[in-house]
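Report on the following structure.
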Amino acid sequence: MQAAIEKAEQAAIEKADTLIEAMGWIREFRDKVTVIKLGGSVMEDEDALRHLLVDIVFMETVGMRPIVVHGGGAAISRAMAEAGIEPNFVQGRRYTDDATLSIVEKVLAGQINEGIATQIEAFGGRAMPLNFVGDTDNNVLYGERIALTGDGGEQLDLGHVGQVTRVDRDIIDNLCYAGQVPVIPSMCVDDDGNKYNVNADTAAMAVAQAVGAEKLVFLSDVNGVRQDKDDPNSLIHTLTSSKAKELIASGVIASGMIPKVEACLATLEKGVRKIHIIDGRLRHSLLLEVYTNTGVGTEIIGEPAAG
Ligand SMILES: Nc1ncnc2c1ncn2[C@@H]1O[C@H](COP(=O)(O)OP(=O)(O)O)[C@@H](O)[C@H]1O
Ligand SMILES: CC(=O)N[C@@H](CCC(=O)OP(=O)(O)O)C(=O)O
């Protein structure tokens, strides 16, 4: 009996200690803006998505300012298959013809964007879907058709694929300060009202740069950048920009990891100091990454100073 009481007391003390430790982290990160990129691959796992959104609600509840930018590549490919359209990727970007664009708009800016905001609200947080679908136009990403060149220097045709050139920072800032989580789909609009499909990693990069984020965290379905993409034990904990470029050139970093790492490098150059690629399927990986020193994925860093 006495032993059981002592065990219960010990458990209560440990819980209180954890809370007190958490208080320190929470204080340190109050008011800090973190851009969280939700990848389509992790969103396929409903359980993982639910846990991630609860973590985001926690961050917002304790005074951090999380901003969600999301993709949805897997869901778009599924909807294309249902419509009998074969996906075709060029340099990690989806070739987007008229029919594909309307699927991207429906799935990404419609279903997924509204769905994430609704789930955040269901978990007790407040969220605002920022899209141009429906009667209320809340779009914050503006841009133009992307210009990509092939290996031989030729111009590549990707159809309605865009890049973000301007972010409406005021709308995002106002929502953050009002305690609402902005939820942003990876589509943009040009001056003539044309809509474009944007790679979600580069959209997250544009948002992080525009709002001067403290951190940019990419949540994916792998534990980070690996030396061998199929071997989780080959995780690279810290990746310098020169090494990242080398791994892209040698083909170690391939497919969907290319735009992600390229976005990291471009963001580093624009002054966002903390950039991480982590496994969103790992329970509380986001909180661990934001609030502790536990390295749970790959951190991308600039070149260490010589000497
Ligand atoms: N070197 C690498 N390390 C880890 N993953 C890699 C690497 N090269 C390619 N990949 C692939 O990149 C994928 C992540 O990119 P992507 O599918 O676009 O994810 P997301 O939907 O999260 O943006 C991984 O699932 C993996 O298959
Ligand atoms: C131009 C382009 O490739 N757009 C992406 C947008 C979604 C995305 O990037 O989703 P993930 O984050 O899940 O990869 C696409 O159509 O798949």
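Keep in mind that glycine also has a Cβ here, set from the backbone N, Cα and C atoms.
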Original post:
TrEMBL has Gly72, Gly73, Asn197 down as binding substrate; which of Arg65, Arg94 does it also list for that site?
Top reply: Arg94
Original post:
Apart from Gly72, Gly73, Arg94, Asn197, which residues in this chain have a Cβ no more than 8 Å from the mean position of the Cβ atoms of those residues at the substrate site?
Top reply: Gly40, Gly71, Ile76, Ser77, Val104, Leu108, Ser186, Asn199, Ala200
**OP:** Using a 10 angstroms cut-off on Cβ to Cβ distances, just flag whichever of Gly72, Gly73 is the loneliest among these binding-site residues.
**Re:** Gly73
Original post:
So which of the recorded positions is most packed in, judged by how many other Cβ atoms lie within 10 Å of its Cβ, out of Lys37, Arg94, Lys260?
Top reply: Lys37
Original post:
Can you tell me how far the Cα of Gly73 (substrate binding site) sits from the Cα of Lys260 (site 'Transition state stabilizer'), in Å?
Top reply: 13
**OP:** For the substrate site as recorded (Gly72, Gly73, Arg94, Asn197), determine the largest distance between any two Cα atoms, in Å, rounded to the nearest integer.
**Re:** 12
Original post:
Which recorded positions, if any, among Lys37, Gly73, Arg94, Asn197, Lys260 have a Cβ under 6 Å from ligand 2, given in order along the chain?
Top reply: Gly73, Arg94, Asn197
